[in-house]
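If you look up TrEMBL, you'll see 1-69 marked as domain 'Bulb-type lectin'. What TrEMBL records for 331-355 is transmembrane segment. According to TrEMBL, the feature domain 'Protein kinase' maps to 388-530. Per TrEMBL, ATP binding site is recorded for LYS416.
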Amino acid sequence: MANRDQPVNGKRSKLTLLNTGNIVLLDVSLNNVWSSNTASLEPLDLHLKNDGNLVLRELQGTKNLWQSFDSPTDTLVPGQPLTRYTKLVASRSEINHSSGFYQFFFNDENILGLHYNGRDVSSSYWPKPWLLSWDVGRSNFNSSRIAVLDSFGEFYSSDNFTFTTSDYGSVMQRIIKLDSDGVVRVYSRINSSMNWYVSWLAFSGTCTAHGVCGANSTCSYSPKLGRKCSCIPGYRMKNPNDWSYGCEPMFDFTCNKILVLIYAYKIVIVKHFNSHIGKDMASIDVLQKHNCKMEGNTFSLKQTSNPSNNVCSEKLQRVYVKEGENHFVKFFLRFATAIGAFQTVSIFIIWCSLFRTKQKTYADQQGYHLADIGFRKFSYLELKKATKGFSQEIGRGGGGVVYKGLLSDERHAAIKRLYNAQQGEGEFLAEVGIIGRLNHMNLIEMWGYCAEGKYRLLISDGRLVTWVREKRRSSISWLEEIVDPNIGVNYDKSKIEILAKVALDCVVDERDSRPTMSRVVEMLQYNGND
């Protein structure tokens, strides 16, 4: 709409394209009220395109001198971009199409939003100003500042704000409009014979827009009744035809038109307000002590010579009314507390009993196995700790791997981890029981076993090797001392010495120093042939 704030008479006004290349709007008195401010000596064409864009262009070439898309008022059509150089300005009302107080544009932070530019104050109200841009899905890193609605009903903005209309996907007539109530809406219709309907809106409840009812007023909204503006007590509507003027007092001001508003906690002085007055008002006596008087439904302050005395700042006492006690509720709370405490104590006692029973059962199981087969049952974790994670290997054979271990009672042990761990615990215990019934001074003493899950381990005395080595170093007749006396003297000492030497070599601490099995066979065969 050209020259919307001073519209011309539509009957005898003229829109003319001059030979100079300028478009002018002349009123009935032939006064120039608007022009495109363009100039060109080339042949020109003023063309209305199918998308609704009125374009002034040169016939030879592709240069556009002017287009209506660059000068929107309160409406955009599909394909018409909103850029950093353009903005939508709402009308004052549905019947007054002059520039209103609501604007839709990109701010300095590249965010597309709604703004109120009133007579006295200005503010932003959409998106919510107390939220950060990324909290509402916006991005201010793109400085291109462009937004457009396409023909299918999808809107996209360079700050990542997007939406689709309720009838998205169909090509029909659509407009995006900033209405006089400060709400952006998209209107759609199938053809010109149909009525427009709202297919998208920025927010519901028109009280969200700032200044919608003016100063000294309140705004309420319901889906059925719509928006309702009201003046606060003691005020009346300033302009019966326009709520944007707000409300004016129905009494004369004192103190240079300074209002004293009284809230529940303290008295403050303001010049403009748009809120409900609290019901818990201060007593008139407190105000009178501070040179204040009541006029209508509002308190004002008498002017004095000292500006610092023109403030009523009495701190009011809070009065709390103590309600009568409900004895039933009090009894119920005490009863529930007692039940909760009893349940807590009971759970603790039961837990302690179960814990002691578990310990006793474990001890009984240990004693049972010790009495039944003569060995202690070790746990797998105990043996894993004793062998430092089965890291000190001292022997390996067809039945399993032997590890060096130190038990919790500081005894050195040889712990054999069996390969064949598929047998059941009962069968394994039967074999261990047989070993337990064997008793010979030259057999390695068995101390215990482990049968836990898939693990089968035997724990024996690990000091026999040390004892043999000490005898070999300290005594010339060490061979006679390690041989069973029941054998007598009827044996080949050289062969026994070779067997003992091979056995000691096979259990040295350094794994790499142990002879291989082929080397053991060679040593035995060589001495056997001798």
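Heads up, the Cβ atoms here are built off N, Cα and C, so glycines get one too.
Unlike curated entries, TrEMBL annotations are predicted automatically.
What you see is a predicted model, and the numbers here were worked out from it, not measured in a lab.
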(request) Tell me the residue counts in helix, strand and coil for the domain 'Bulb-type lectin' (1-69), as DSSP assigns them. (result) 2 helix, 26 strand, 41 coil
(message) Given a separation of at least six residues and a C-beta threshold under 8 Å, show me what packs close to LYS416 (ATP binding site) in the same chain.
(response) GLY399, GLY400, VAL401, VAL402, TYR403, LEU457, LEU458, ILE459, SER460
(request) Quick one: average pLDDT across the domain 'Bulb-type lectin' (1-69), no decimals. (result) 86
